């Protein structure tokens, strides 16, 4: 075992967490400048392992925390990790960590991260070989010097610590304390013995007079016994007579009470039947009111449906007439439209011909006019231009403008032509779309009709189910009334049971149920729920005849809770307390009940109570524990005999009980308050209630739930159908709207078609004129410039004038004819579009609407609904009439029961009067019996007060009469008066004091033996202490000589035990002799001296005070090594032990450490190079910014530290 690693944080100069690299198991050297933190590192290890830092005050703990710049350190810890591969520490781990944590208010130890106490740590270290009496496995700075300068007495003290004499001293102190206590007790006993001797002498004189007194007193007591015994016998005879009368009266009272109980039971049964009938009547009346409300509501619905049906029928008849009228009007409109279309067909060709001629004439007129204009312009250009070139230039310019204008005209004509073509194409598409929409409209109308029909079918089915549900609701309400009555009955029974049971017990039962319900709700502790079996009373049954005796036997144990195991009860109680629930609970854990088989007597007068109980054999232990040692007996006499003979509890059927301990209990027991009977009634009502609830849940509520589900499904279907209806109707409206829009587009297109055609003709005529002008200008280009037209041009102008006049005349005629034909066409088209066709559309729409209504779907659905409501009205009326009959019968039955109730009440009253009379008689007998019992008790008390009597006293005066007895008693009392001054307790006191004397003498002897044992123990302890010191001195002395010779070759050193005489005035060497005594005392030792010679010569042996400082240090080191060899530790910590040594001795110390390091670990600090030579691992401590750091370094770096400690500072 050795220190493997040290971790420091916040301790003194080590602020940050410092994890020291693992140490070697042999020799480790730590080097560093003064003040760098080497000693603090040693303090850290000592802080964990040594007793020096055990009891720290808060200010001392704060002093150990790091103080420097930066945040304030509030806690520190030092952790040492041991290599435990040799299992020196009794922990089955190869590495063991020990940490100590301190703060302003805490000081804790952790062993392998588990908190432990300081004592645990110290005991663990002692088990690993760390002795409290030898703390020299850690040698701090200055310890060597302290030992070198210590006096002899200090070294003796050290030797005693190493020898472990502290234990002997502690035992000796305990023995001295015990001896003082024994001396005190011995003195007290001596005082008591002296007092008792004096008192016994006085009592010896009083004994003679006491003998005469006792003679007459014995006679008096015998006479008094005889008198009291005669009175007692007379009283017993009278009591027996009264007891016989009471038994007779009791039997009669039992018969009367049984008859009264029968009457009460009958009354309760009748009362229950009356309550049930009243509840039934109330339910039926309530149902009747509901039926009446339903019937009124149904009649209202029927009236509405009848009116709706009539309206639909009237509407259907009116629609038929309207349809005929509309069809007739439609036919007339079609004929008129056909007539107008025919007229239009005749007029339009004429109009087209006239219009074509007109347009041709207009075009020709424009062409001729333009040609004439061009010729006139040609004539005018002779005066307009001065030369041919100027004219040609102008013509070219005009031609360019004309070309551009002609191109514009052509583009306009092409655009209009394209527009007209698109209009034709759109017209065809419009017609196709219109036809398709018309087909879609018919399909949508068909689908709407189908949905309407389906909707009314689903609605009728839903109404039927609602009617059925109403009936089931009424049935459920009736069952609920019965349930309410049962619950009320159950509550009354439970209230009676609660009144007969303690509140704390009932609260306990309720609290246990809450705990179990909490477990169920959380889904936890299922084994606890399964392991709880309820209270005793709920787990067995028996015949009613045994209720009284069973209940008296069990008492409150009827409410004990049976559980599978103590674990179950513990879990329940933990949650019980956690939830802070009220009540009192007692558990019977089956696994902990120790029940033995009982041998029952074989007799016809008694039976084991447990044989009359019916229960699950799984709970046999619990029932044997409660009832196993009780017999049911025929009578009280039998109970008394068997209880004495078999040491068993016995009880009669009436509840009179005889305990095996002798106690008798009994009296009248009111069976009306029997908790078993009440519990049986509660369970019976609970079973009936559960049956009703099951019937309600399984039949009615299940059917209601099924119908509700079906109604919900139908409602969903209706909603889906309504959604589809809205969807299709919206689609229909959308189609109609689209058809209307297409029709309007077609009409608009037709309106714009003719103006576009006229515009096209005008553009073509204008284009033709422009082209003619362009040709004329082209022909003129390059010709001679003339001021007059040529003959040919003049002729052409004249011809054009004639043609223009003729064309103007023809155009005027064609215009008049066209306007006339156009007016006719416009009038006919307007009549067709604005009148006939619009009206035809209206008629068609009205016919479509009529077709939708004529489908008869609404009327059919309404008729079916009317038939269904009529059936429901009829069924409701029949049910209401049936209820009237049932209510009348039930009320008659209830009245009969009330009359029967009155008869039983009278019977119960008669029985009660008889019981009261019998009770009064019984009360008189009881008072008389009480007086006799009191007299009996007085006689027995007086007999008991007489004390023990001789046998002759029971028979000597039996023949005398009471008069003779009283005369003799008077004579005795007269004689006794003479000895009134006698100490009547003299004899008792004499005996008592004699016994006390014997006890005190025995106690005195015991104390003497104890005193002797203590003295012997103290001598043994003193001897052992002496032997331990002697043995330790020899071992240390031997080791010291050997170590010194190794450190100083050729040198010699010895330890000398110094003694003194008894008075301490003289001393001598150990070798010269010792004080002769039976038990040698260690007090004779005054110190341990040291004599050394560095040359080995006996003549040069010197004392410590004669040595130089370095020699003293070397001798002190030799002593420390000697002590360590005597009591070895697994590792050693030396802080600058070579400080005062010269180089030669430092080398010797280094060699010594190297030798010892093969068996133990050494961690040393030094400023000298000699110790580095024997080291296996090196560590350097640096101090920067007031914080220490420790790291592994090489041997060369360690030597640098030692040779020049400023290099790495």
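Backbone N, Cα and C define each Cβ position, glycine as well.
It should be emphasised that the depicted structure is a prediction, and the values quoted were computed from it without experimental measurement.
The stretch that Swiss-Prot tags with region 'Disordered', taken from the ranges 1039-1060, 1061-1082, 1083-1104, is 1061-1082. Cross-referencing 208-238, 239-269, 332-362, 363-393 with Swiss-Prot places the feature region 'Disordered' at 239-269.
As annotated in Swiss-Prot, coiled coil covers the listed stretch 958-989 rather than the other ranges in 926-957, 958-989, 990-1021, 1118-1149. Cβ neighbour count for residue 34 (ATP binding site): 11 (other Cβ atoms within 10 Å of its Cβ, all protein chains included). Secondary structure of the region 'Disordered' (281-303) per DSSP, as helix, strand and coil residue counts: 23 helix, 0 strand, 0 coil. What surrounds the ATP site, by Cβ distance within 8 Å of the Cβ centroid and not counting 32, 33, 34, 35, 36, 37, 38, 39, is the set 40, 1181, 1183, 1188 from the same chain. Counting other Cβ atoms within 10 Å of each Cβ, the binding-site residues 33, 38 show the lowest value at 33. Shown are the binding-site residues 32, 35, 37; of these, the residue with the fewest other Cβ atoms within 10 Å is 35. Ranking the binding-site residues 36, 39 by the number of CB atoms within 10 A of their own CB puts 36 at the top.
DSSP assigns residue 32 (ATP binding site) to a strand. For the recorded site, residue 38 (ATP binding site), the DSSP three-state label reads helix. According to DSSP, the secondary structure content of the region 'Disordered' (239-269) in residues is 31 helix, 0 strand, 0 coil.
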